[in-house]
Amino acid sequence: MASGSQLEAIKGAKVLMVGAGGIGCELLKTLALSGFQDIHIIDMDTIEVSNLNRQFLFRQCHVGQSKAKVARDAVLKFRPHINITPYHANVKDPEFNVEFFKQFNVVLNGLDNLDARRHVNRLCLAAEVPLVESGTTGFLGQVTVHVKGKTECYECQPKPTPKTYPVCTITSTPSKFVHCIVWAKDLLFAKLFGDKNQENDLNVRSNDGTNLTAPTEDVFERRTDEDPEQYARKIYDHVFGYNIEIALANEETWKNRNKPRPLYVRDVLPDNLIQQNGSLENCVTEESVVSSMLSLGLKNPQDIWSLSENSRIFLEALRLFIEKRQKDVGNLTFDKDDQLAVEFVTAAANIRASSFGISLHSLFEAKGIAGNIVHAVATTNAIIAGLIVIEAIKILQGDFENCRMTYCLEHPSRKMLLMPVQPFEANKSCYVCSETPLILEINTRTSKLRDFVEKIAKNKLGMNSPMIMHGSTLIFEAGDDLEEDVAANYALNIDKALAELPAPVTSGTVLTVEDLRQELSCNINIKHREEFDEEKEPDGLVLVGWIAPTQKDTRLVSNGESTSTAHPAVTEMVENSDEVGIAPAKPGTKRKLSEMSEITDNVHDITPRSSRDVNDQVNPQEVEDDNDDVDDDIVILDENPETRKKKRLQ
Amino acid sequence: MDGEELTEEETALYDRQIRVWGVDAQKRLSKAHILVSGLNGTAVEFCKNMVLAGVGNLTLMDDRPVTEDVLQSNFLIPPDEAYYSGRSLDELCCESLKDFNPMVRVSIEKGDLSQFDGEFFDKFDAVVVSCCSLKIKKAINEKCRRRPRRVALYAIECRGSCGEIFIDLQNYTYIQKKSDGTAECQLKYPSLEEAISIPWRDLPRKVSKVYFAMRVIERFELSEGRKPGETSISDLPLILRLRKELCDAQSLSESHVPVSLLERMLAAGGKEHPPVCATLGGVLGQEVIKAISGKGDPLKNFFFFDTADGKGIIEDISNSSTS
Ligand SMILES: [Zn+2]
């Protein structure tokens, strides 16, 4: 039980919890047991089956209902007399403004994405409310404390950005399974089942970007009278056979690479096997999930299918989409919960992997990669929730001196499984909690205002409704409630190059980007640059001025129910990890920006694939060890005064 | 691993954790049987974690009635007298836990565990004990150790802002994953009796002070014939006298068992601090899952958590570790 002074602070406190997921359920329970009386909780999500293994306030019968509301009801059963106010809403909604945040003594985050975390950080800074931030991935977790004027803010350390791959790696020279997944999901799946008007790099390109295949008729277009099976085989032969042959013709590409093997249905599947595909009509009833695995009798998602099994799944899934899901075709985007889509993407990625000599993966693994699925267990969430409450109590008592960031490790570091670290000071060059201007290197002649709004203001700076000013001229503002003529004016300029705007943006221009809801404003010095390295700077722009502090950061990266604070070593690891996304071929590419931002949205959740690596790289500099006070933890059993001297670790 | 495949239902429910520990570990978990004797807040947290993880069988033992102290760290029982009066803690917890995951069999067992025949323990893979005296913990530990098949023992204690987990996996062999491949790793655990009998002077340097403080209070309770939680701050003078005796006998300076630490551990009496329960119950859950699945490096053999410094420390207190 909490001590007397703690109880007093707890009872009088009004706390805001953001997120009622894995950490949120544990946190709400521990807060209620600890004596908190007034808890507000925001979560926009509804309950899913895969939540039930850890989000223990929810049951099967709650699937589809609001997490915030069900969590409240569950906790009231054992603590009926406390106040829990649920909001089934997005924390980014305008109702949760600075005034709203000001009513709380502390904000506790149990979020699953970077975007919302950044937003809450800004509101906490503006409202001057302390924030306890948290995250877990598998057995790893962390709790950090952010108090304006006392510690760094959540964004003082640059966050690892999602990995994007150059288009040519995806379209022509995959070397890892993840490249095949990206190809299958973002190119092939999108081409066959998505919006036909989207730009798509599926066809092989030569180095100068011209479309080599340039078919006179679009092979992907199915004639209305075309037999679905014939069509499926035609697609197979085109993407795994013909396109590979075309790519092979470009000998320069294969000088230092292993050549891929073109695959055709006739080689992979003997005739009798192809025949089997047609005979399964009766397996698919109206009620059941449409599944090619089901109709082919492949049951175990953990199995790695052979090339011929993958080929059969590919053909069958494509046929099922046409015959059973006709109404979806043309407006599908990949969804990890769409069984048939996962089957199709797994098979397509595996066939491509086979062609390129890359090892094949099970549907279970492929689904994890394609869907950026969080690795999550109840135990870590419970531990992290306990640690959040301990920090929250210290904050409520005004005991900021003793606040700690704590890491939950998988492998102990200096005997510690739970490792407290003194919070860092604010980064003086942080654009969020200080007023440091940023420098943007960009090609002002080819980059459009839209690029600036989407890639810089929204993506990099994390603003929701940015307003962009050139001196005193307002050149853009986001929002649905704009005057018609104003909106028309913005629409007129949005696709103009920066240098061609009525108030031209060129080298030396200073733009002010502001989000009124987040009470955040920053100045950006524009620097024109002609060329960008496609491999190293796939975005075609470089934002600098936001320098990581010199102190060595010890933070782990985690995701999902999770955070994305950066540890230099970990950042690097994450960048090498198998995240999904495609970068445009070059700044001038015609890829639609909306599509780009969608791709990056999917990958905010960054999972270190090997947690052991993370731990091994943790080399904390400021781990609290020997304190100077008498009542420290260090027991020296030897009475010899020389050995009695405290040993400083590092 | 051989044996049946997981069902579609299991695969869907456990998807996120299978991504952490793999299908084989999940299958082993679903075949495991765990006994929890003594349902304090930490044990309840642990039970929740195991039921969510999908352990096969969970047996509960605690026939105490519901008290205010029990309720304040228990999220399984509604504080409604009409509901709980006349029923034992294990019945009430069992009823609530069953609801968490229909795939786990949760049951209760009546009687005095320390009096049960050794054979009783054969069906369990792990036994978790709390809310009992050191004497009973030792007796149960010895019974577990004499079984032909390993029955792991975990003893938990949560006192105020501090907590302790003791682990006995007897002889435990597992495959350790290393950056450059794998290696077979053998660990030899001492019994609780053996571990706490190691002279304090022989312990590794810098052993957590929580260890000594726990031993002093434990000895006090043993001499008074009390259960954990029945000691409070009013007992401090007597406990300090015992501290002096023990420290003198062990030639350890009394400063290694600070008064402030003892005070913090005694202040709440029988009431547990819920964040400590959550943290300890989480670490314990992780350890039991590791031992059952054979995946990951198990902790040897004490874990201490203290909210005052926020550290969660592993100490190896065994003869093999002394230098
Ligand atoms: Zn900052």
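Any Cβ shown, glycine's included, is placed from N, Cα and C.
Note: TrEMBL annotation is automatic and uncurated.
Copied over from TrEMBL, here are the features:
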- A:19-24, A:D43, A:51-54, A:K67, A:112-117: ATP binding site (BINDING)
- A:C153, A:C156, A:C430, A:C433: Zn(2+) binding site (BINDING)
- A:C168: active site, glycyl thioester intermediate (ACT_SITE)
- A:439-446: domain 'Carbamoyl phosphate synthase ATP-binding' (DOMAIN)
- A:601-615: compositional bias 'Basic and acidic residues' (COMPBIAS)
- A:601-650: region 'Disordered' (REGION)
- A:622-640: compositional bias 'Acidic residues' (COMPBIAS)
* Do any of the binding-site residues A:G19, A:G22, A:D112, A:C433 touch ligand 1, in the sense that the CB is under 6 Å from one of its atoms? -> A:C433
* Structure fact -> Once DSSP output is merged into helix, strand and coil, A:C156 (Zn(2+) binding site) belongs to coil
* If we count other C-beta atoms within 10 Å, could you say which of the recorded positions A:C153, A:C156, A:C168 has the fewest? => A:C168
* Could you state the whole-number distance in Å separating the C-alpha atoms of A:D115 (ATP binding site) and A:C153 (Zn(2+) binding site)? => 15
* Suppose we call a site close when its Cβ is under 8 Å from a Cβ of chain B; which of the binding-site residues A:G19, A:N53, A:D115, A:C430 are close? -> A:N53
* Structure fact -> DSSP, reduced to three states, assigns A:D112 (ATP binding site) to coil
* Structure fact -> Checking the binding-site residues A:D43, A:D115 for other Cβ atoms within 10 Å of each Cβ, the smallest tally belongs to A:D115
* Whole-number Å value for how far A:D112 (ATP binding site) lies from A:C153 (Zn(2+) binding site) (Cα to Cα) -> 18
* Asked: Can you count the other CB atoms that lie within 10 A of the CB of A:G19 (ATP binding site)?
  -> 29
* Structure fact -> Once DSSP output is merged into helix, strand and coil, A:C433 (Zn(2+) binding site) belongs to coil
* What Cα-Cα separation, expressed in whole Å, is found between A:C156 (Zn(2+) binding site) and A:N53 (ATP binding site)? -> 34
* So how many other Cβ atoms are close to A:G22 (ATP binding site), meaning within 10 Å of its Cβ? -> 30
* Nonlocal residues around A:C433 (Zn(2+) binding site), in sequence order (Cβ under 8 Å, 6 or more apart) -> A:L125, A:K148, A:E152, A:C153, A:E155, A:C156, A:A426, A:N427
* Asked: For the Zn(2+) site given as A:C153, A:C156, A:C430, A:C433, which other residues of the same chain have their Cβ within 8 Å of the site's Cβ centre?
  -> A:L125, A:E152, A:Y154, A:E155, A:A426, A:N427, A:V432, A:S434
* Asked: Nearest to A:C430 (Zn(2+) binding site) in three-dimensional space, by Cα, is which of the recorded positions A:D43, A:N53, A:C168?
  -> A:D43
* Asked: What is the pLDDT of the domain 'Carbamoyl phosphate synthase ATP-binding' (A:439-446) when averaged and given as a whole number?
  -> 91
* Mind giving me a neighbour count for A:N53 (ATP binding site)? Other Cβ atoms within 10 Å of its Cβ, every protein chain shown. => 23
* Determine, from DSSP, whether A:G19 (ATP binding site) sits in helix, strand or coil. => coil
* the domain 'Carbamoyl phosphate synthase ATP-binding' (A:439-446) - residue tally per DSSP class, helix then strand then coil -> 0 helix, 4 strand, 4 coil
